Amino acid sequence: MAAETLLSSLLGLLLLGLLLPASLTGGVGSLNLEELSEMRYGIEILPLPVMGGQSQSSDVVIVSSKYKQRYECRLPAGAIHFQREREEETPAYQGPGIPELLSPMRDAPCLLKTKDWWTYEFCYGRHIQQYHMEDSEIKGEVLYLGYYQSAFDWDDETAKASKQHRLKRYHSQTYGNGSKCDLNGRPREAEVRFLCDEGAGISGDYIDRVDEPLSCSYVLTIRTPRLCPHPLLRPPPSAAPQAILCHPSLQPEEYMAYVQRQADSKQYGDKIIEELQDLGPQVWSETKSGVAPQKMAGASPTKDDSKDSDFWKMLNEPEDQAPGGEEVPAEEQDPSPEAADSASGAPNDFQNNVQVKVIRSPADLIRFIEELKGGTKKGKPNIGQEQPVDDAAEVPQREPEKERGDPERQREMEEEEDEDEDEDEDEDERQLLGEFEKELEGILLPSDRDRLRSEVKAGMERELENIIQETEKELDPDGLKKESERDRAMLALTSTLNKLIKRLEEKQSPELVKKHKKKRVVPKKPPPSPQPTEEDPEHRVRVRVTKLRLGGPNQDLTVLEMKRENPQLKQIEGLVKELLEREGLTAAGKIEIKIVRPWAEGTEEGARWLTDEDTRNLKEIFFNILVPGAEEAQKERQRQKELESNYRRVWGSPGGEGTGDLDEFDF
């Protein structure tokens, strides 16, 4: 094939380059088998051309492809200096010989390996047996593959000449005169090869494989850490392939035309960048001066500003109520510009700040919310005193009646109003959180949205704790109220907090968002989604993400499971499904991936489930679990694709460049 032919010619030129300087100086050249055994070469055809005939270096060779495209290939420096580096190795080995290193295996237990029907038993220095096992018992005849005869002698000068054992780095023993073979009538025989395995541990001898290259002639490969101290059997350090870099070689006029085209494209790109930079200050100046675009989705600027102000006001004042203790439904508000102006007349300064505030990141949005909360708290009294003031201002006709009535009548009226408020309490909470979710939907990424939810949740908890403390003071200023009344009030506030937190954690369904746009009223319960079935192809891949945190010596293990509505979980499921479909893989059963890292400071709710680095590496982790080494194979396929594309390219005059025939080309 074309690539093999090109690589073979390059290797031939490489050997010629190694031999030629020695022959010119009167030396004797030789083919270095050790170099071919221990060095690996890889060819890289680069897309960047060079001007031909400019390099006079001795390590550059000229080759031509099947499409008549010429290349200048530079040999790696490791190939030139390989022999000199080998001569500068460590001094001769002074430790025990190979037979002495293996002698402890004589007293060790025999090694066993089961392959298909047969079980093989190797006893060092004695024999090799083959038999069938059932229920830990030998069934049938026991065959002898051979008895110990001899071992390879590393001190024999004749044996050294073969170089076979040294190149492949193994020690061998010969076993013969075994049971008679039914196929050829000769006794069975076997060769046992011992290789170093540094990862096997102490006494980690094992039979790696059993082969039968010829009838009744066997080869057993045994890996052991006992041979690793010997330099002749220690595996060489793994090294990346030595790259042979090949650049397309162009004629001077072709190369100058290529350089001119590159310069023109660079000038065009620089011109576009300059135009964008010139437009940048104009855009930002319009934003800072408060100039809004004319097209605002069919709505007037006053109306949009009113909506923004209402939304932020709802976020910062969730306890504000309308006259009579009832909240004004969203659909009953006057949507006209005049009504919007009158409704937002008080916080005009706040509204102007919103117009000129530039939100560049989720962190800016969070800081902005905190500023709004702080400013609102400074400009109004505490929550415990706010409601009576509003009632006094909005319902002046009821105040005389309350003053004239007795305290019991007043308490009854307040209880009736509280009951009316409770009916719309859940609906108002869902409406508030729904508006908040809808505003953030187009601003934040899924990961940033989760972090913002957790921070808003923590802020709500702090606010409601203050409410509970103030309520306790109002209910029992002198310590005379009953304990049951105080507990009942705290229970009601805690229930409200739990509802808000639960709604904050849940993600609204698309049907719920459409309801918001039409009526701006959220139903009490979203319709339950149909349970996925195993036959549904969309739900054949299910991912569960669980976070475990080990506490102190007196604390239990904290277990948190990611909700199905979390967008990050949907992203992970899509990633796994795409990977399985593309590679044609099946994950039978369950696959468990553990990511261990130091626990970040903060609460469990505030900490992120997966970091950005974990999400990026999850694909590679999952790929390597299903198919060990498959990720490297995918990278190699991509490299091979680029290599073929560069090899097919035929350089020529401007506009005359083309590619080779895709059908006849094959790597």
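Keep in mind that glycine also has a Cβ here, set from the backbone N, Cα and C atoms.
Taken from Swiss-Prot, the feature domain 'MRH' covers 108-230.
DSSP assigns C123 (disulfide bond) to a strand in the three-state reduction. Counting every protein chain shown, the Cβ of C123 (disulfide bond) has 16 other Cβ atoms within 10 Å. Feature annotation from Swiss-Prot assigns disulfide bond to C110-C123 (among others); the stated evidence is experimental evidence.
In the three-state DSSP assignment, the secondary structure recorded for Y218 (mannooligosaccharide derivative binding site) is strand. Counting Cβ atoms from all protein chains shown, Y218 (mannooligosaccharide derivative binding site) has 21 others lying within 10 Å of its own Cβ. Positions annotated as mannooligosaccharide derivative binding site by Swiss-Prot: W117, W118, Q130, D182, R188, E212, Y218.
The Cβ neighbour count for N177 (N-linked glycosylation site), using a 10 Å radius and every protein chain shown, is 13. Taken from Swiss-Prot, the feature N-linked glycosylation site applies to N177, supported by sequence analysis.
Long-range C-beta contacts of C216 (disulfide bond), restricted to its own chain and to partners at least six residues apart, with a cutoff below 8 Å, comprise G178, C181, L183, N184, R186, R188, E189. Taken from Swiss-Prot, the feature disulfide bond covers C181-C216 (among others), and the record attributes it to experimental evidence.
Swiss-Prot lists C196-C228 (among others) with the feature disulfide bond. Other Cβ atoms within 10 Å of the Cβ of C228 (disulfide bond), summed over all protein chains shown, number 17.
The compositional bias 'Basic and acidic residues' annotation in Swiss-Prot covers 302-311 (among others).
Here Swiss-Prot flags 396-412 (among others) as compositional bias 'Basic and acidic residues'.
The annotation compositional bias 'Acidic residues' is assigned in Swiss-Prot to 413-429.
Positions annotated as compositional bias 'Basic and acidic residues' by Swiss-Prot: 430-452 (among others).
Taken from Swiss-Prot, the feature compositional bias 'Basic and acidic residues' covers 504-513 (among others).
The annotation compositional bias 'Basic residues' is assigned in Swiss-Prot to 514-523.
The feature compositional bias 'Basic and acidic residues' is assigned by Swiss-Prot to 633-647 (among others).
Max Cα-Cα distance over the annotated mannooligosaccharide derivative binders (W117, W118, Q130, D182, R188, E212, Y218) is 18 Å. Rounded to a whole value, the Cα-Cα separation of C110 (disulfide bond) and D182 (mannooligosaccharide derivative binding site) is 27 Å. Summary: among the binding-site residues (W117, W118), the fewest other C-beta atoms within 10 A of the C-beta are counted at W117. The disulfide-bonded residues shown are C123, C196, C228; of these, the one with its CA atom nearest the CA of D182 (mannooligosaccharide derivative binding site) is C123.
The recorded positions shown are W117, C123, Q130; of these, the one with its CA atom nearest the CA of C228 (disulfide bond) is C123. The separation of Q130 (mannooligosaccharide derivative binding site) from C123 (disulfide bond), Cα to Cα, is 12 Å. Ranking the binding-site residues D182, E212 by how many other Cβ atoms lie within 10 angstroms of each Cβ puts D182 at the bottom. The DSSP breakdown of the domain 'MRH' (108-230) into helical (H, G, I), extended (E, B) and coil residues amounts to 14 helix, 67 strand, 42 coil.
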